[in-house]
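K.L.:
The structure's right below; bear with me while I get my questions together.
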Amino acid sequence: MDTIPDPMPNPDGVHLDLNPDDVQQYKGDKEDLVADESGRYNKLKEDTSGSSISDGIQETRPLSQPLQNTKSGCVKHGEGLKVIIISTVVLALAVTVALIIQICVGPPQVPPHGAVASDVSECSIIGTDILKKGGSGVDAAIATTFCVGVVNSFASGIGGGGFMTVHEHGILKPHTTRVINFRETAPAGASKNMYANDYNASLIGGLSVGIPGELKGLEKAYDLYGKLSWKELVLPSVGVARNGFKCSKTLENTLKLRANKAMFLKSPILKESFMRDEGARFVREGEVVKRPELAKTLEILAESGASAFYDGSLTDGIISAVKKEGGILTRDDLRKYEVAVVDPLITTYEEYEVMTAPPPSSGASLLLALHMLDLMNVTQKDENATQFSHKMIEMFKFVYGERGTLGDESPEVHSRVEEMLNTSFAAELLAKIDPSKTHDLQFYIPKYKAAPSGGTSQISVISPDEQLVSITSSMNWWFGSHVITDSGILLNNQMNDFNIPGRPTANESLFNPANDIAPGKSPLSTMIPTVLHSKKPCGLRIAIGGEGSTAILGAVVDVLLGFTKFGMTISDAIEAPRLFNTLSPNKVQYEDGISSSIIEYLKGLGHQVGLLESDHKNIVNAVLKVDRDIQGHADSRKGGAASIF
């Protein structure tokens, strides 16, 4: 990895005079962040020097002279022994009390202390390195998010947006939870029918770009919860971008199946980073990908913060790139963008309190599903029951139908959320399930059919002081709009998440007005970053979330069900094969490993059934703590790994 260059001026008037001490951990040699043959970044050697007390020290002088027998009886052997016994008991009690106090209020004495789960193992390690340095859970989440945005830029990055749920679960302080909403918004020049004559303009190109929120969202989270310097959180990703990372199988497949080759060939930056043989092919697994322009951008952000993006040296380049591809984003749009810090939606599921993001997130749908599960009285015997599979599929159809009534926060949407969180409404929907058959689409009241998408990342963190963080961020579709700035920033295509006339297979008469395009408005999102904790002392605490468009909801519920009701480990629950119906399409999709008897049973009840496409996997990443034991697991479907220390 190259060392950071000499100080150079930038238009913000800030010199990139980075202290060498700040970046020592990520120097540019092959023993640091450069990918080695195993595809993992080498870790720094820890100083293990120290001293110990030598063995074999013997007492050369007794503590006292031996007691002498005297006729006067001045010293009594019984009384001396009594003093020794009492002293020993008092000392033992004092040590025991001290140890109890230390265990209850002191820092953890034995590993594990914290965990980070993400789609990229090297990024998870960067997150736990931040925790080791004394950073907060949010610090670790921020550093990991920057890294994942470099490596998996097809899914997330600073040109996108998302939600973060932060829960502080301290023993000696009240539990507090906040949601940071940094979802993209429509530019001031946007209008309801702006894609009436060209649906594809909502998918690729400048007109599909919403105002990015990720950087301001991360900065707001840092302002509220940060402990280390902002620079320490950004610099690790500078090294990853500059020195390169090995192309994963996930990246190879995504480029092959989802990248718009014409857009990549048109962009010198995309072509240089992701193509080989003069543009004849995309990079393959194991080949090194470097992002030098993005490395320079991250250096600027390390010094200047988000202001460089929204109203500084990077702004004109962003606007220019969007306008060049036919977009309407303005400098004023970026400058006026605001992050919202809001209360979570909260409900009770069995012995657990569940906290998730409010609209425009789909968190209300998750809580509706959990209410319905509560009323179903699920037991472990249901795990492999064919009848239970039908009931779950039907339950999710109703939940997805109701999800379509949501949108950005408004009085109407607020009323819908209140209804969805009412247990009587859950019971009403549950009563409609027919154990002997399924129904056509209209029966499940789909108000709006969501478009498929695939560009999402989930990061889950737990810190030593039990700050639990779940952050889901997205570009919407794979590689977003395919628009990239000269500074190496890929931009989202979140405008496609609004109601779009001409959307293939969608019944436009059922479009929900709450999700119509309007200036400054956010589109409905499938993201549901969630924290769940037991009401029992030292019980389960878990940060969880998912990726995979509308399938996120079903995947997260499946994992929670497997872990809380079926006795699975978190790893087994995440890796278990899944089947679901999101109503978009109205078809049961299943993964390899689902029992053939279940598939045949569902077909017999009238379900349309099909094997899930290889690049449409839904992903769940989670970390948890039970008593003092910390676990974490990143879904292998996307090649991720958790880091625990």
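Backbone N, Cα and C atoms are what each Cβ position is placed from, and that goes for glycine too.
Remember, TrEMBL labels are computer predictions, not curated facts.
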K.L.:
With Arg183, Ser474, Met475, Asn476, Ser525, Thr526, Ser549 listed by TrEMBL as binding L-glutamate, identify the candidate in Asp198, Asp486, Asp497 belonging to that site.
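P.N.:
Checking Asp198, Asp486, Asp497 against TrEMBL: the L-glutamate site match is Asp497.
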K.L.:
How many angstrom lie between the most widely spaced Cα atoms of the L-glutamate binders Arg183, Ser474, Met475, Asn476, Asp497, Ser525, Thr526, Ser549?
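P.N.:
It comes out at 15 Å between the most distant Cα atoms.
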K.L.:
Which binding-site residues are spatial neighbours of Thr456 (active site, nucleophile) here, meaning Cα within 10 Å, out of Arg183, Ser474, Met475, Asn476, Ser549?
P.N.:
Ser474, Met475, Asn476, Ser549
K.L.:
Sort Thr526 (L-glutamate binding site) into helix, strand or coil using the DSSP assignment.
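P.N.:
In three-state terms, Thr526 (L-glutamate binding site) counts as coil.
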K.L.:
Of all the binding-site residues here, Arg183, Ser549, which one's CB has the most other CB atoms within 10 A?
P.N.:
Arg183
K.L.:
Just going by other Cβ atoms within 10 Å, which of the binding-site residues Ser474, Thr526 has the emptiest spot?
P.N.:
Thr526
